[in-house]
Amino acid sequence: MKYSPRYRLFPNTQQREQLEWTVDVVRQVYNDALGKYKEVPRDAGTLRQRVRSIRDELPSMKSWWSELNDVYSTVLQNAVMRIRDNVKSLQELQKQGSGAGELKWKAPREFRSFTYNKKGFELDKKSGPSGRGTLTLKKIAGDNITVPIRLHRDFPEHDSIQQLTVKQDTTSAWHVSFTIKTDSPEKPAVDEIDVSDCVGIDLGITTFIHDSDGREIGRLDLSEDRERLERAQRSLSRKQHGSNNWSEQRRRLAEVHQRMSNKKRDFKHKLAHFYTTSYDAVFLEDLNVKSVLEGDGNARNTQEVGWRDLIRIFEHHGRKNGCHVITVEPAGTTKECASCGVSTEKPLWVREHSCPTCGFSTDRDLNAAANILHRGVEELGVVHSESTPAETATATSTDGSCLAAVVDASRVVEAGSRVLKEPASTRE
C-alpha cells in the first residue's frame, strides 16, 4: 500500500524565500502548460498523451525561460503532469453531477507545493537530537539547501521513496510528505473471524460515536478554540483590508483554523487506529452526508464530525493494520429493533429504544450500532451463532436498561494505544 507520512520543516529566512520562489516558478509553469493544453485538440491522443506532449517541451523552454534552469527537472515535469490528475478529478465531479466547470489558472494563494520523483532529495534521519533530522533539496532557486525536519514519529520501513512533496500551508508553515510503498498486513480470513472480534459504529447524536460493544466516545471540547476563533475574526474585521496589520491578523486567524483542524484530524486518526488494531472487522454507516445536511435533524453535528472523512480515515487504517472496514446501508438502523427486527418510528429527541413487540429496551444509538454490526456481519459473510445482535454485541442489565462504557474524548490520547487513559466509567 501507499503511505504518505507528513513532517514539519523548519527553513531559515533565506531558505523560506528560496522555497517560495520555487513554488512561484512551478506555478507559472503549470499555468503556461494549462494554456497550451486547452489549445490541444481532443483527437490528438489520450489525456496522458496530450499532457505528455506539453511536458516534453520543457527542455527547449529553458533556452528562453532562464528560471527553469534553477528548478529540478522532475519538479517541473510533475507540475505539468498535475494537469492530468486535475482533469481526471474534474471529470469525476462532472460525472457526479456537481456542475464543475473547467480548469483555471492558479493564483499564488492557490498553488503552494511542488513534488520530486524518487531523486533530487536526501533525508538524513540520524543527524541532530532525537526526533530531528535534515532534508536536502536539490536546485531550490538554483541551490541545494539543507532544511531541519522534525520526525515526530518513526519513518515506516520501505524499499524506496516514490515521491516527496513540499508544501506551505495557510499559516506559512512548511511541511513535507513522503509517498512510500509498504507491505500491507494480510487481513484475517472471513471464515476465521469471530463476531466478538467485530464492531459496529453509529454516528452519535449526543456523543461523537457509539459502538456495538456499548462504548461511547464523547465529542471534542473545542469551546476555547471557538472563542479564540471569534476573537480573531472580530479583530480581522477591524483591520484595514490589505494593510500589513490585516495580513498579520489573517495569518493568526489561519493558525486558529489550522489548530482546530489538526485537533479534529488527530482525534479521528487515533480513534481509527484504536478500532482497527482492536478488532478484525469494523462496520460503519454509509451515510448520504449531503442529504443529512439538507435535512432538519442532526445536520450541524454531522457536519462537525465530518463523517465521510472519518470513513476515509478508517479505511486507510484498515489497510494499514490488516482490518476489514465495511460500510453498510444506514436506512432503518435506528428504527429497527436489534432484538426482533421490528421497526418503530421515533423522533430524534427520543434517546431510548423501547420495542413494543418484544419489550427490548436500550440506548437508541446502541441499538443502531448493533444493527450496523448485524448488517456488516452479513455483508462480510462472517459465520455467527443464532443469537441476536443485541445478545451478541451489546451489554444490557437484567432490567433491560443499557450498560455502556462512557469514554470522554480527552481520554483518546495516544495514537497506537489499544487501551484508554483510564478505565471507562459505566452508565446505567
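Here, residue 1 is simply the first one shown, and the rest follow in order.
For all residues, glycine too, the Cβ spot is worked out from N, Cα and C.
TrEMBL: automatically predicted annotations, no manual curation.
For the domain 'Transposase putative helix-turn-helix' (5-39), the model's average pLDDT works out to 95. According to TrEMBL, the feature domain 'Transposase putative helix-turn-helix' maps to 5-39.
Annotated domain 'Probable transposase IS891/IS1136/IS1341' per TrEMBL: 198-291, in sequence order.
The domain 'Cas12f1-like TNB' feature in TrEMBL is assigned to 307-372.
Helix, strand and coil content of the domain 'Probable transposase IS891/IS1136/IS1341' (198-291), in residues and according to DSSP, is 53 helix, 17 strand, 24 coil.
In the domain 'Cas12f1-like TNB' (307-372), the DSSP tally of helix, strand and coil residues is 24 helix, 13 strand, 29 coil. Each residue of the domain 'Transposase putative helix-turn-helix' (5-39) gets a DSSP state, and the totals for helix, strand and coil are 27 helix, 4 strand, 4 coil.
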